[in-house]
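Visitor: Quick one: structure below, then a few questions.
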Amino acid sequence: MRLKNSPEQEVRILLLGLDNAGKTTILKQLASEDISHITPTQGFNIKSVQSQGFKLNVWDIGGQRKIRPYWRNYFENTDLLVFIVH
């Protein structure tokens, strides 16, 4: 993790997993958003969440087979990779 000399430290988190694993549900729960109507992610979603002096930039990448070859394009500058298994 890259720690910066600023009052707010940023962390980039990448959520990966197969389709319907729950990545978007986790992302919306982190952002305190409604999870009653979630549709499959086409591409990606990004949310920024403040937590204990950190700005968490959470990237949720779609898990459909046609999107998986593009996952590698999101690894650069990622501090934490979370692979969701359901």
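Backbone N, Cα and C atoms are what each Cβ position is placed from, and that goes for glycine too.
The feature GTP binding site is assigned by TrEMBL to G17, L18, D19, N20, A21, G22, K23, T24, G63. The Mg(2+) binding site feature in TrEMBL is assigned to T24, T41.
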Visitor: Which of the listed binding-site residues (T24, T41) has the least company, meaning the fewest other Cβ atoms within 10 Å of its Cβ?
Guide: T41
Visitor: Do you know which of the binding-site residues G17, G63 has the most other C-beta atoms within 10 angstroms of its C-beta?
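Guide: For the binding-site residues G17, G63, the Cβ with the most other Cβ atoms within 10 Å is G63.
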Visitor: Just to verify a number: CA distance, G63 (GTP binding site) to T41 (Mg(2+) binding site), in angstrom, no decimals.
Guide: 8
Visitor: Can you see whether DSSP assigns T41 (Mg(2+) binding site) to helix, strand or coil?
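Guide: Coil, per DSSP.
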Visitor: Using only the residues recorded as binding GTP (G17, L18, D19, N20, A21, G22, K23, T24, G63), report the maximum Cα-Cα distance in Å, whole number please.
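Guide: Max span of the GTP binding residues, Cα based, is 12 Å.
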Visitor: Taking the center of the Cβ atoms of G17, L18, D19, N20, A21, G22, K23, T24, G63 at the recorded GTP site, which other residues in this chain have a Cβ no more than 8 Å from that point?
Guide: T41, I84, H86
